[in-house]
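Structure incoming, see below.
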Amino acid sequence: VGFKAGVKDYKLTYYTPDYETKDTDILAAFRVTPQPGVPPEEAGAAVAAESSTGTWTTVWTDGLTSLDRYKGRCYHIEPVVGEENQYIAYVAYPLDLFEEGSVTNMFTSIVGNVFGFKALRALRLEDLRIPVAYVKTFQGPPHGIQVERDKLNKYGRPLLGCTIKPKLGLSAKNYGRAVYECLRGGLDFTKDDENVNSQPFMRWRDRFLFCAEAINKAQAETGEIKGHYLNATAGTCEEMMKRAVFARELGVPIVMHDYLTGGFTANTSLAHYCRDNGLLLHIHRAMHAVIDRQKNHGIHFRVLAKALRMSGGDHIHAGTVVGKLEGEREITLGFVDLLRDDFIEKDRSRGIYFTQDWVSLPGVLPVASGGIHVWHMPALTEIFGDDSVLQFGGGTLGHPWGNAPGAVANRVALEACVQARNEGRDLAREGNEIIREACKWSPELAAACEVWKAIKFEF
């Protein structure tokens, strides 16, 4: 036939509505907003082309390979209800386009280039279906939910955490003191803030030592296993690993990483180290809102959550749901299930565009954190269930009597909610009543309830 130079429409090659998706394909759902005058088929095909084998003009080297084998295909387009000129474009990518076990490569391919494309006004990646064959190339979370419970010997309830505040400015010794008080009072974990790395007022090594001392002391006094998320995030991968190694030498149970600012490559290395060395890995999602907050451009958090489960982490922050809109609650619970469960059915009402089978990849505990306090406990227990970490920063340290009583208040509230639920009571309806009853035999909880009573909780 010979080589025919020139520019041709993407849709001639990359829009294939008759394509039957394969079990090994990576499937993507994009929310596409084309520029005025660009037909949706062309926009969808452009996304498929630019994120796989295509470029803007025909090149003679196309003849040296089999495009049919390697090209991404836009196989379905549907208009978004209630939005003008916005479509969901479904794209299938052949498995061979991706390096095994590399979240970094997967993202570079799928979202690396196409988001700046001129034919599109905006583009958002809403969901990915990761095929079983690709899932199996990832180690995933270092340990997962069941192994974590066995390590901690804690069952049948959510775990409790607290971020140490003020996040910047405390000396290492005072920081360790705050950690000890919270753990001693009844929390399971305390946490380094995401921006606590190694600053002039508190170098990482000093912090690690004082926190380890706090953990050991609290464990000895309570007879429970305790942890503090030691943030190993650093300016280089080597420095990050050095901090993780030191944490292991101290014998602490868990370290922490900011996976978006630190990057997927660093995160996956750390996750492998954590599995090999028995460390749990807590993941903070600093920077996520830069990527996921705009509703028609960027990447939805459920995709970032799936990517984290592949890269590896035992906990990840996932919003609180509390006091938010009803719809957001369903969407949040959708990606919470994607983090924890082994098999998730497609359910558009919860934002889940594809059925996802994780084939026994360990699950991740969702962490609810941010602006929550004791009055929220019944709702949180009901919404998140046992497999979660509930984190109260100000809701612990803001207690009028101090950190330890703040921790006591949270633990009492949690145990009361779990007991009430196990007795068959309705937490959504009777939540406030359950907390009030518990106040009668816990002055610490009563004091906490008094401080935050004005912050109402609407279901």
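Here, residue 1 is simply the first one shown, and the rest follow in order.
Even glycines carry a Cβ here, placed using N, Cα and C.
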The substrate site in Swiss-Prot includes Asn113, Thr163, Lys167, Arg285, Ser369. Which of His76, His315, His317 is also listed there?
His317
Drop a 10 Å sphere on every Cβ of the recorded positions Lys4, Lys167, Lys191, Arg285, His317 and tell me which sphere holds the fewest other Cβ atoms.
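Sparsest of the recorded positions Lys4, Lys167, Lys191, Arg285, His317 by Cβ contacts within 10 Å: Lys4.
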On a count of neighbouring CB atoms within 10 A, which of the binding-site residues Thr163, Ser369 is highest?
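When each Cβ's neighbours within 10 Å are tallied, Thr163 tops the list.
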Using DSSP and three states only, what is Asn113 (substrate binding site)?
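Looking at the DSSP assignment, Asn113 (substrate binding site) belongs to neither helix nor strand, so coil.
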What is the number of other Cβ atoms found within 10 Å of the Cβ of Asn113 (substrate binding site)?
11
Please report how many Å separate the Cα atom of Lys167 (substrate binding site) from that of Lys4 (N6,N6,N6-trimethyllysine), as a whole number.
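Checking the Cα atoms of Lys167 (substrate binding site) and Lys4 (N6,N6,N6-trimethyllysine) gives a distance of 62 Å.
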Whole-number Å distance between the CA of Ser369 (substrate binding site) and the CA of Lys4 (N6,N6,N6-trimethyllysine)?
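Given the Cα positions, Ser369 (substrate binding site) is 58 Å from Lys4 (N6,N6,N6-trimethyllysine).
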What recorded positions among Lys4, Thr163, Arg285 are found with a C-alpha within 10 angstroms of that of Lys191 (N6-carboxylysine)?
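So far as Cα distances go, the recorded positions lying within 10 Å of Lys191 (N6-carboxylysine) are Thr163.
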